[in-house]
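Enquirer: Pulled these from Swiss-Prot:
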{"type": "BINDING", "residues": "77-90, 290-302", "note": "NAD(+) binding site"}
{"type": "BINDING", "residues": "Arg97, Arg107, Arg135, Asp226", "note": "substrate binding site"}
{"type": "BINDING", "residues": "Asp226, Asp250, Asp254", "note": "Mg(2+) binding site"}
{"type": "SITE", "residues": "Tyr142", "note": "site 'Important for catalysis'"}
{"type": "SITE", "residues": "Lys193", "note": "site 'Important for catalysis'"}
Amino acid sequence: MTARNLFLLPGDGIGPEAMGEVRKIIAYMNEAMDAGFVTDEGLVGGCAYDAHGAAISEADMQKALAADAVLFGAVGGPKWDSVPYEVRPEAGLLRLRKDLQLFANLRPAICYPALASASSLKPELVEGLDILIIRELTGGVYFGEPKEIIDLGNGQKRGIDTQVYDTYEIERIAGVAFEMARTRQNRVCSMEKRNVMKSGVLWNQVVTETHKAKYSDVQLEHMLADAGGMQLVRQPKQFDVIVTDNLFGDMLSDVAAMLTGSLGMLPSASLGAPDGKTGKRKALYEPVHGSAPDIAGKGIANPIAMIASFAMCLRYSFNMVKEADDLEKAIANVLDKGIRTGDIMADGCRQVGTVEMGEAILAEFKALSA
């Protein structure tokens, strides 16, 4: 069997605790399923800065580049608030995204039936919610040049950011969206601001042309991004796959995340382009939540987002679709049984810590995969 190489970067805060529960699942899969996972581990974020003076070392960067997939925990915390900007903990994640050329960020917003009452919206609006937001990750206003603050004199300054998209960047992210839609409900909604932004005009044109040329079997809708934000909280279940640029994707995916009730529940994936020879994509998987330094080391963090990120890894990097389905079903089954970490605790449920939640999910996964 060909080895499946995983590089683990637990990071800071609750990252190591959540990653610990994924390690148990990997060990079980190797033992019971002969899955062939080979794991290595490195430092990223604040802990890497403490050890190496950088948010990720060159050696660990090379290991990430060589791996089939990277599992990432979380970075940051008040301890590193005063470090130089270029070596801040978050710079490690940005370096990974850049060097791995990860242009497509996949953010599922799934509301488990057992948690519908935890959403800020009415349960009937979110129960059964299953949206996939696909955000372009390497272009747009976050990376466009010029990006600077100019001193105009007389006490006045000017901040400049530049929104830039080329045709190929839009084509490839649209292609990912249409391909993902084919495995779901076959619907894509593209969001931009073509009414006020030239980049939005081009985005709309290129998505439309890509759809017509290669993906006419998929239903395509266009929506202005501000209207899309409104519709996400008005009638979220109307959406299947949403594709949008870096800035709007950053905002809309966080809006969608809170429809589900807890950031501690949500995974994400960042994918690169398929390799010309093997067809494999570089990929990084991470929970949406941050490092939560206030609860780090207390054993109470919710590991579900990290475990669900590993399920995405099984699906998209290793084509282990049944195993991914089983792991996601295991999470749902545990929630149906009323087992909760503190962040999603509700009346009548049983509160557990990180390890007990992880072990409950593993037990369900074992039963489903037996």
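Counting starts with 1 at the first residue shown.
Heads up, the Cβ atoms here are built off N, Cα and C, so glycines get one too.
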Enquirer: Which three-state DSSP class does Lys193 (site 'Important for catalysis') fall into?
Expert: coil
Enquirer: Find the shortest Cα-Cα separation between Tyr142 (site 'Important for catalysis') and the binding-site residues Asp81, Arg107, Ala296, and name the residue that gives it.
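Expert: Closest candidate to Tyr142 (site 'Important for catalysis'), judged by Cα separation, is Arg107.
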Enquirer: If you measure from the C-alpha of Asp254 (Mg(2+) binding site), which of the binding-site residues Gly77, Tyr85, Asp226, Ala292, Ala296, Ile300 fall inside 10 Å?
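Expert: So the list reads none.
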Enquirer: Return the count of C-beta atoms lying within 10 angstroms of the C-beta of Arg107 (substrate binding site), excluding that atom itself.
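Expert: There are 23 of them.
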Enquirer: With every protein chain in view, how many other Cβ atoms are within 10 Å of the Cβ of Ala292 (NAD(+) binding site)?
Expert: 23
Enquirer: Which one is closest to Asp81 (NAD(+) binding site) in space, judged by CA to CA distance, out of the recorded positions Arg107, Arg135, Lys193, Asp226, Asp250?
Expert: Asp250
Enquirer: Out of Tyr85, Tyr142, which of these recorded positions shows the lowest number of other CB atoms within 10 Å of its CB?
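Expert: Comparing Cβ neighbours within 10 Å for the recorded positions Tyr85, Tyr142, Tyr85 has the fewest.
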Enquirer: Can you figure out which of Gly77, Tyr85, Pro89, Ala296 (the binding-site residues) comes closest in space to Arg135 (substrate binding site), comparing Cα atoms?
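Expert: Checked the binding-site residues Gly77, Tyr85, Pro89, Ala296; minimum Cα distance to Arg135 (substrate binding site) goes to Pro89.
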Enquirer: Taking the Cβ of Arg97 (substrate binding site) as centre, how many other Cβ atoms lie within 10 Å?
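Expert: So the number of other Cβ atoms within 10 Å of Arg97 (substrate binding site) is 17.
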Enquirer: How many Å lie between the Cα of Ala296 (NAD(+) binding site) and the Cα of Arg107 (substrate binding site)?
Expert: 24
Enquirer: May I have the list of same-chain residues other than Asp226, Asp250, Asp254 whose Cβ is within 8 Å of the Cβ centroid of the recorded Mg(2+) site, in sequence order?
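Expert: Near the Mg(2+) site, the remaining chain residues are Ala225, Gly229, Leu247, Phe248, Gly249, Met251, Leu252, Ser253, Val255.
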